[in-house]
Amino acid sequence: EPLCRRQFQQHQHLRACQRYLRRRAQRGEQRGPALRLCCNQLRQVNKPCVCPVLRQAAHQQLYQGQIEGPRQVRRLFRAARNLPNICKIPAVGRCQFTRW
């Protein structure tokens, strides 16, 4: 886990993924440049760390207070869990983490 935290920091806290997740949670937007950049960032992360860093990215959005209400929180975490599939990252598939 400390290794994954370090990866999270090395890859600019997956900023593009955070941007994508925020838009997805707030407006349900699925496309756009943030997604492409996010997938590029995710592909550079060690496979075992993909889900942990996505969980961190989702939490970062929560802490920044950008996500409002249970519906947006649900959408945020659902989107984060699905990103490895959307980005077609081999051998990761859907992340299993829950909100905490």
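Each Cβ is built from the backbone N, Cα and C atoms, and glycine gets one as well.
What Swiss-Prot records for C4-C49 (among others) is disulfide bond. Within 10 Å of the C-beta atom of C49 (disulfide bond) sit 20 other C-beta atoms, taking all shown protein chains into account.
In the three-state DSSP assignment, the secondary structure recorded for C17 (disulfide bond) is helix. According to Swiss-Prot, the feature disulfide bond maps to C17-C38 (among others), an assignment based on similarity to another entry.
For C39 (disulfide bond), the same-chain residues lying six or more positions away in sequence with a CB closer than 8 A to its CB are L83, I86, C87, K88, I89. Annotated disulfide bond per Swiss-Prot: C39-C87 (among others), in sequence order.
If you look up Swiss-Prot, you'll see C51-C95 (among others) marked as disulfide bond. Counting only same-chain residues six or more apart in sequence, the Cβ atoms lying under 8 angstroms from the Cβ of C95 (disulfide bond) belong to V50, C51, L54, R55, A80, R81, N82, L83, P84.
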Looking at the disulfide-bonded residues C17, C51, which sits with the largest number of other Cβ atoms within 10 Å of its Cβ? C17
Counting across all protein chains present, how many other Cβ atoms fall within 10 Å of the Cβ of C4 (disulfide bond)? 18
